[in-house]
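Undergrad: First, the structure itself, so that you have it in front of you.
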Amino acid sequence: MGVLDPLVRLWRFNGGLHPPTRKAPSNAQPARALPPPPRLLLPLTQHVGAAARPVVNPGQHVGRGELLAAADGYVSAALHAPTSGTVVALEARPIAHPSGLSAPCLVLDADDADAWGALPAPLADWRTAAAAEIRRRVREAGIVGLGGAAFPTAVKLAAEPPPNLLIVNGAECEPYITCDDRLMRERAAAIVGGVLILRHALGAAAALVAIEDDKPEALAAMRAAVAASGAAELRVQAVPTRYPSGGERQLIRVLTGREVPSGGLPAELGIVCQNVATAAAVFEAITTGRPLTARYVTVTGAGVHTPQVVEARIGTPVADLVAACGGYTAAAARLIYGGPMMGFALADDGVPLGKGGNCILVAGATELAPPAPALPCIRCGDCVRACPADLLPQQLYWHARAREFERAGELGLFDCIECGCCAAVCPSRLPLVQYYRHAKGELLAAERERHKADLARERHGARQARQAREEAERAARLAAKKAHPAPAPEAAAPAAATATAPASVATAPTAAASPAPTTTDDPRQAAIAAALARAQARRARAAADATAGTSTDAAPGDDDGRG
Amino acid sequence: MLVAIVALTLLAGLSGLLLGYAAVRFRVEGDPLADKIDAVLPQTQCGQCGFAGCRPYAEAIAAGAADIDRCPPGGQAGVEALAALLGVEPKPLDTAHGVEKPPQLAVIDETQCIGCTLCIQACPVDAIVGAAKHMHTVIAQECTGCELCVAPCPVDCIHMVPIATTPANWAWPAPRAA
């Protein structure tokens with residue numbers, strides 16, 4: 001009796017939508033591999049977790065696949081050169097982020113060779129390899145969740161205890177996005193190979209590949225590849241098309257009927273989810289040694305001439321992607337990174353494609369509902385029926401609007417997956433998701449501040465305890481001296497020996513150090529004297545100002561604190 | 001009649017014993033109100049309120065010796081949180097004790113530092129590392145931005161810089177109200 005045998009029926013999650021899928025124009029022709037652009041921008045943070053630590057210097061030549069920045073910490077991901085070329089800079093550049101802010105990026109100028117550099121040897125027989133070895137290689141290949149979340153894959157592979165079930169997510173439920181569809185049609189064998197490697201590394205008993213039933217070609221290709229692999233306890237499962245069935249929690253619900261607890265992880269149910277493109281990247285990294293340097297991405301919308309899926313190098317500027325698809329049409333009005341439901345608007349097409357970027361949507365002026373002026377909430381409750389996370393969007397909205405963020409948090413704000421179903425059905429066109437994002441940000445900031453305050457309180461307490469201890473020791477020494485005022489060195493010697501020993505140790509280095517600067521650092525002494533004189537002059541000027549009164553007031557208070 | 005008097009007297013005596021025992025057994029150590037106030041204060045330990053740190057100020061508020069409007073790092077939001085906690089009317093921040101500033105961080109210009117250790121002694125949270133005649137530096141994660149290190153520096157090499165907004169600490173702004 002296998003793990004998959006009981007999973008013969010499908011469940012459904014509450015809520016959800018059937019938005020127009022609009023996948024047709026971009027999924028018709030095969031994905032085209034784009035040549036590397038002349039200049040690539042590689043942010044050090046393309047993933048969840050700590051920024052990668054650069055290991056190359058500007059001016060250095062690198063081959064494709066060579067390490068540019070190493071993972072820095074457990075939850076972090078390495079970054080590799082997407083093509084051969086010269087690293088020209090490490091500087092802040094605008095990145096694909098809703099804030100539009102800049103972040104440190106490596107700038108790589110491509111040469112024409114596009115030649116692979118030195119790569120690790122392929123892992124010939126991964127079936128006998130230790131799970132830790134596969135995890136290490138996945139980590140060193142810089143693989144992150146390619147479905148959009150960009151969570152480092154190696155971290156997910158360390159699930160303990162070993163999960164029962166690996167769910168491979170090929171649902172691709174969001175409108176317009178077709179890159180996983182094309183990938184499953186074209187590289188089904190690589191995906192199945194990757195699924196088997198992931199299953200082996202996890203120690204999972206079984207694997208399910210879930211694909212929405214509006215992708216019959218992908219389903220057929222994946223089923224054929226699974227049959228060809230002859231693997232047991234591996235099945236391709238069609239799931240009904242309904243947004244957001246590709247959400248991790250929703251997909252688990254549909255496939256197993258179980259619900260991931262609020263604030264918990266699927267691992268608590270013995271389930272791990274991975275995206276199909278992640279599986280293909282793992283297969284590539286293990287069987288060829290090639291790290292993640294390119295990905296399938298959909299470039300679509302009425303604002304681009306020939307909507308299609310392209311295989312682009314990580315770090316390709318969005319402008320180059322659009323140009324490779326025929327450029328902007330006259331209708332182009334909005335540039336969106338990600339899909340129409342969960343993506344965010346870009347202010348500038350110079351930002352690069354990141355590892356988690358699955359879609360560039362160039363929307364026409366009339367294509368997406370424009371953000372019409374919002375009307376008051378009429379408490380119709382449509383959002384409650386649409387919410388796939390079983391929340392009360394209307395209540396969350398009221399609390400977020402009233403800045404009662406704590407109350408919103410108590411109502412499960414952090415279980416909101418920001419899918420946008422509530423905002424899509426809202427007759428008052430309220431920007432609900434924006435309210436939730438804002439409220440989450442405020443709660444996280446408050447949490448950070450609380451943490452920082454706790455740290456400061458603790459350190460201040462430790463400092464005061466230390467000062468009190470030192471004061472007590474000094475008082476004890478003084479009292480001991482007063483009790484035995486005998487200045488005779490013979491009498492004091494045994495008692496003072498222990499007391500003076502540390503003192504002599506402490507004074508010795510200063511005694512040794514003080515002559516050294518006077519003999520060797522005369523210019524330095526002069527510089528210090530000059531700096532002191534400058535500072536004194538500044539003080540004198542400041543003292544003349546009326547504001548000097550407040551700063552001198554603060555000083556005695558500080559002395560009291562140390563007292 | 002007698003039964004009632006005896007019964008009630010016994011009951012009163014028993015209750016008195018019980019209450020007396022409870023007062024000893026369940027005595028509250030410390031000042032719970034000061035603890036709650038201390039939890040709301042930002043723990044900058046800057047002393048701008050006139051007390052030697054956040055805890056003494058919290059105790060003064062709890063004792064009714066100080067008003068709630070003397071904490072510039074907490075800002076207006078802090079005054080309102082204290083007002084909500086204590087059930088009093090919020091009031092504007094008293095600018096005699098300083099003005100609210102965006103979060104900031106002390107940075108030592110390491111080329112100018114002469115290694116005098118004065119800032120290390122001034123730092124209320126031990127966030128500056130260094131030794132005599134060696135360069136000092138601020139541990140950014142520990143710095144509360146209290147500015148106490150700025151005045152003692154004999155060469156004025158410590159600057160307060162506002163904490164920059166990066167994609168990592170950026171948060172979505174509030175949507176325009178409907």
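Cβ coordinates come from backbone N, Cα and C, glycine included.
Where the annotation comes from TrEMBL, it is an automatic prediction and has not been curated.
Below, the features straight out of TrEMBL:
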REGION    A:16-37  region 'Disordered'
BINDING   A:Cys377, A:Cys380, A:Cys383, A:Cys426  [4Fe-4S] cluster 1 binding site
BINDING   A:Cys387, A:Cys416, A:Cys419, A:Cys422  [4Fe-4S] cluster 2 binding site
REGION    A:455-563  region 'Disordered'
COMPBIAS  A:455-476  compositional bias 'Basic and acidic residues'
COMPBIAS  A:489-535  compositional bias 'Low complexity'
COMPBIAS  A:543-555  compositional bias 'Low complexity'
Undergrad: If you compare CA-to-CA distances from A:Cys416 ([4Fe-4S] cluster 2 binding site) to each of the binding-site residues A:Cys377, A:Cys383, A:Cys426, which comes out shortest?
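TA: For A:Cys416 ([4Fe-4S] cluster 2 binding site), the spatially nearest of the binding-site residues is A:Cys383.
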Undergrad: What is the number of residues in the compositional bias 'Basic and acidic residues' (A:455-476) that are helix, strand and coil, as DSSP sees it?
TA: 22 helix, 0 strand, 0 coil
Undergrad: Under a criterion of Cβ-Cβ distance under 8 Å and sequence separation of at least 6, what residues of the same chain contact A:Cys383 ([4Fe-4S] cluster 1 binding site)?
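TA: A:Pro393, A:Gln394, A:Tyr397, A:Cys421, A:Cys422, A:Ala423, A:Val425, A:Cys426, A:Leu432 - these are the non-local Cβ neighbours of A:Cys383 ([4Fe-4S] cluster 1 binding site), listed in sequence order.
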Undergrad: Write down the Cα-Cα distance for A:Cys380 ([4Fe-4S] cluster 1 binding site) and A:Cys419 ([4Fe-4S] cluster 2 binding site), rounded and given in Å.
TA: 20
Undergrad: Whole-number Å distance between the CA of A:Cys380 ([4Fe-4S] cluster 1 binding site) and the CA of A:Cys387 ([4Fe-4S] cluster 2 binding site)?
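TA: If we compare the Cα positions of A:Cys380 ([4Fe-4S] cluster 1 binding site) and A:Cys387 ([4Fe-4S] cluster 2 binding site), the gap is 14 Å.
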Undergrad: Quick one: which residues besides A:Cys377, A:Cys380, A:Cys383, A:Cys426 have a Cβ within 8 Å of the [4Fe-4S] cluster 1 site's Cβ centroid, in sequence order?
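TA: These residues sit around the [4Fe-4S] cluster 1 site: A:Ile378, A:Arg379, A:Gly381, A:Asp382, A:Pro393, A:Gln394, A:Tyr397, A:Cys422, A:Val425, A:Pro427, A:Ser428, A:Leu430, A:Leu432.
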Undergrad: According to DSSP, does A:Cys426 ([4Fe-4S] cluster 1 binding site) fall in a helix, a strand, or coil?
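TA: It is coil.
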Undergrad: Calculate the distance in Å between the alpha carbons (Cα) of A:Cys387 ([4Fe-4S] cluster 2 binding site) and A:Cys377 ([4Fe-4S] cluster 1 binding site), and round it to a whole number.
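TA: Rounded to a whole number, the Cα-Cα distance is 16 Å.
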Undergrad: In the same chain, which residues outside the set A:Cys387, A:Cys416, A:Cys419, A:Cys422 have their CB within 8 A of the centroid of the CB atoms that define the [4Fe-4S] cluster 2 site?
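TA: Here the nearby residues are A:Gly15, A:Cys383, A:Ala386, A:Pro388, A:Ala389, A:Leu391, A:Pro393, A:Ile417, A:Glu418, A:Gly420, A:Cys421, A:Leu432, A:Val433, A:Tyr436.
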Undergrad: Let me spell it out: for each of the binding-site residues (A:Cys377, A:Cys387), count the other Cβ atoms within 10 Å of that residue's Cβ, using every protein chain shown. Which one has the most?
TA: A:Cys387
Undergrad: Cβ neighbours within 10 Å, counted over all protein chains: which one of the binding-site residues A:Cys380, A:Cys416, A:Cys419, A:Cys422, A:Cys426 has the most?
TA: A:Cys422
Undergrad: May I ask you to report the DSSP-based helix, strand or coil state of A:Cys383 ([4Fe-4S] cluster 1 binding site)?
TA: helix
Undergrad: Please spell out the DSSP helix, strand and coil residue counts for the region 'Disordered' (A:16-37).
TA: 0 helix, 3 strand, 19 coil
